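Notes for the one structure printed next.
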Amino acid sequence: MSMRSEYCGLVTEELLGQSVSLCGWVSRRRDHGGVIFIDLRDREGLVQVVCDPDRAEMFKAAEGVRNEFCLQIKGVVRARPEGTTNAALKSGKIEVLCHELIVLNPSITPPFQLDDDNLSETTRLTHRVLDLRRPQMQHNLRLRYRVAIEVRKYLDAQGFIDIETPMLTKSTPEGARDYLVPSRTNPGQFFALPQSPQLFKQLLMVANFDRYYQIVKCFRDEDLRADRQPEFTQIDCETSFLSEQEIRDLFEAMIRHVFKETIGVTLDEKFPVMLYSEAMRRFGSDKPDLRVKLEFTDLTDAVRDVDFKVFSTPANTKDGRVAAIRVPKGGELSRGDIDSYTEFVRIYGAKGLAWIKVNEVAKGRDGLQSPIVKNLHDEAVKAIIERTGAQDGDIIFFAADRAKVVNDSLGALRLKIGHSEFGKANGLVESGWKPLWVIDFPMFEYDEEDNRYVAAHHPFTSPKDEHLEYLETDPARCLAKAYDMVLNGWEIGGGSVRIHREEVQSKVFRALKINAEEAQAKFGFLLDALQYGAPPHGGIAFGLDRIVTMMAGADSIRDVIAFPKTQRAQCLLTQAPSEVDERQLRELHIRLRQPEPKA
């Protein structure tokens, strides 16, 4: 006979009067007047088990049961007495009268209660196996599974083929640092773990597989930010003979399908499309959160000749910018609030935060309250009020600096105010889901330290057709056929049309100061393949971890990954990374150099 006939959480009134065999863990044990109640838990939920003292041997076993004991229960399903049902449980109308109780494995006392919502992340990750038993973690990982299923369903229906690409590959040090794997059989040589399957999926297009996908692990040895992992999972896709618009339409439909089928959310029938330049101008970010209703107003040209040097200096600097955000009803904010926001923007490099409270627009400058108004001439004041659309009771915040500092600091302030209690109370943020595409990214960014251009996306992204000439004459003007899908302020997917002609790829390498010899050494296999009739192709990669985090409403991507790393790229459960013994190092022809002692 099978050890289990039903899952605990699926025992309902349909099984009334039937004998069942259940397996699971003790969530709670209660002794009520000589009758023992056990909440037995498995992955499907809870069921209440009643242990009556009439069965002496079974009852004695039940008396010794404690939380997290692993049990097998045999008994009969019966209705709960009137007034004791639990509407929160699928099994809440029934209970199981226990006839036989077998302790499959006892448990030592857990280091925490599974229903404790105030556990530190260190505790949770150190005892991850127990943490994963908690209902929320069970829910999150099953949601992740369902997302993966729906992705596969959609892509299979669209003719995509799941093809695995190598985990041990060639190091191509462009972008983030690679994780290196020493080769024992080739002393002094190393594999790299892939940052993405980028080049292999392009080669698959050249090889006539037409449509490829893979749900794949990727690795980046980068300085970890708040919500990054050294290993992460991509929904990686590539397709041939489609235009940029067709690629976006195809994968927009995939995301709509996944959201509808997994969490019942209907996303916009057509996602809005925004140029990168517009996103930076209006929101200071290439991943704008469209739920927040605040926008930038550019004032650079209006304050070039004011006496206020904080404004006029960046306004007359090549890469300077002066911008503002108007906060409706922001006049209610206290000086303490303003000081707090001032300290907040300093995190992003701003030197301070100028502001004007608009008490009465009709009175002109006399209706404004601010320490900076006296340093602004009438034309500048008029431009500020008119361009921002300021009304009585508003406040206007300003940032003036290099464009990057303005965008970063004012963009962060926009989100902070929008999502604050003040913002919610005053309708500055909407609920729900706000997807969009951001397109036409710069092809290159200039690296001041290395004194050269670097690829803004990656060096295999195609320039826009009309910008091909700029590759050799003015790379800064060159825009790429690149696109990001943004949802509620997070980039959830990014891709591009790829370069499919060898001569164009070589021009891009030259623009990046990668000479022909270096290009052949690093990417010769790609350049060779492009000469064999490579088709036009493009693709996209979605961050599975990020998508599931948003769907689950989780605080961190670590809450949707079974065994994540910490911000220091450590696994607290297994204590990885760890030292290895000298013999292993000798086999790999590696000698460790001890770090220099600190002075």
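Even glycines carry a Cβ here, placed using N, Cα and C.
What you see is a predicted model, and the numbers here were worked out from it, not measured in a lab.
Per Swiss-Prot, the features are as follows:
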SITE      HIS32  site 'Important for tRNA non-discrimination'
SITE      GLY83  site 'Important for tRNA non-discrimination'
BINDING   GLU174, ARG220, HIS457, ARG498  L-aspartate binding site
REGION    198-201  region 'Aspartate'
BINDING   ARG220, ASP221, GLU222, GLN229, GLU491, GLY543, LEU544, ASP545, ARG546  ATP binding site
Sequence-remote partners of the region 'Aspartate' (198-201) [C-beta within less than 8 Å, at least six residues beyond its ends]: 165-166, 169, 172, 212, 214, 236-238, 458, 460, 523, 525-526, 539
Under 8 Å by Cβ from GLU491 (ATP binding site), same chain, sequence gap 6 or more: ASP286, LYS287, ASP484, MET485, GLY543, ARG546
Proximal residue to HIS457 (L-aspartate binding site) among recorded positions HIS32, GLY83, GLU222, LEU544 (C-alpha distance): GLU222
Between LEU544 (ATP binding site) and ARG498 (L-aspartate binding site): CA-CA distance (Å): 22
For ARG220 (L-aspartate binding site), nearby residues of its own chain (Cβ under 8 Å, 6 or more apart in sequence): ALA176, ARG177, TYR179, GLN195, ARG228, PRO230, PHE232
Winner by Cβ contact number (other Cβ atoms within 10 Å) across the recorded positions HIS32, HIS457, ARG498, ARG546: ARG498
Counts by DSSP class (helix H/G/I, strand E/B, coil) across the region 'Aspartate' (198-201): 4 helix, 0 strand, 0 coil
PLDDT averaged over every residue in the region 'Aspartate' (198-201): 97
Binding residues ARG220, ASP221, GLU222, GLN229, GLU491, GLY543, LEU544, ASP545, ARG546 (ATP) - maximum C-alpha distance in whole Å: 20
GLY83 (site 'Important for tRNA non-discrimination') and LEU544 (ATP binding site), distance between Cα atoms, whole Å: 44
Separation of alpha carbons, GLY83 (site 'Important for tRNA non-discrimination') and HIS32 (site 'Important for tRNA non-discrimination') (Å): 16
Surrounding CB atoms that lie within 10 Å of the CB of GLU222 (ATP binding site), all protein chains: 13
Most Cβ neighbours inside 10 Å, all chains, among the recorded positions GLY83, LEU544: LEU544
